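First up is the structure itself, then whatever we jot down about it.
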Amino acid sequence: MALRISIIVYVVLQFIAFFFVLVGTPLDMFRAAVEEFNFSHVCVTLWGAKLGCYNSSYLVTSDELWVNCTARRDRFRAAQALAVISIFVYGAAFVLGVLLLCCCSILRWVCLAVNIVGVFTLVVVWVAMVVTYYASENTYCPNLNLFFNYGAGFALFLVAWCLDIINIFLLVIRGEDEKACANENPEFYTRGGQEEMK
């Protein structure tokens, strides 16, 4: 029963992490520290800058925004690609978790591998934003912490990444619990990782 509860917790946390990555990808990574026009903030997303964080139209694209900051532009391009990849990785981990809950305990190892990939894809995204926030590249590319605060999208990415790490520990602990269960009750342990009465 304890093993099943850990899988349920894994699936719930993985869904939340997937949802946060999905929602966080188009949201602001940075929000202007002061309101500029009509009580609206200038917001910088992975895809560009816009007036008003919940506005759907961009003032400039990311490439236009960082035209004089090639390293920053390249960081944002990499972050864009890895954020989209992370959506698929976190979504796949959730679907595999549901399958793990329903039937196939061997998928635990696949879930573990997918979660580890997710940790690496998403860490690149938020670390790229931290570097942009604190690093000044030249006079045209000052560090953004002079004018901006972190935005909602950045916070969602960070929380999703932490949930992914928690899920990795849940999968590893579950594996150790299965080994202990098999050693203590070999007559009740089945190959599928679940107990059944004979």
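Just so it is clear, glycine is given a Cβ too, placed from its N, Cα and C backbone atoms.
Values in this document were obtained by computation on a predicted structure and should not be read as measured data.
Taken from TrEMBL, the feature transmembrane segment covers 7-27 (among others).
If you look up TrEMBL, you'll see 81-102 (among others) marked as transmembrane segment.
TrEMBL lists 109-135 (among others) with the feature transmembrane segment.
Distant neighbours of the transmembrane segment (147-173): 6, 9-10, 13-14, 16-18, 20-21, 23-33, 43-46, 53, 83, 90, 93, 108, 111-112, 115-116, 118-119, 122-123, 125-126, 129, 133; these residues of the same chain sit at least 6 beyond its ends, with a Cβ under 8 Å from one of its Cβ atoms. Per TrEMBL, transmembrane segment is recorded for 147-173 (among others).
Sequence-distant contacts of the transmembrane segment (7-27) (same chain, at least 6 residues past either end, Cβ-Cβ under 8 Å): 45-47, 53, 83-84, 86-87, 90-91, 93-94, 97-98, 100-101, 111, 115, 118, 122, 151-157, 159-161, 163-164, 166-167, 170-171, 174.
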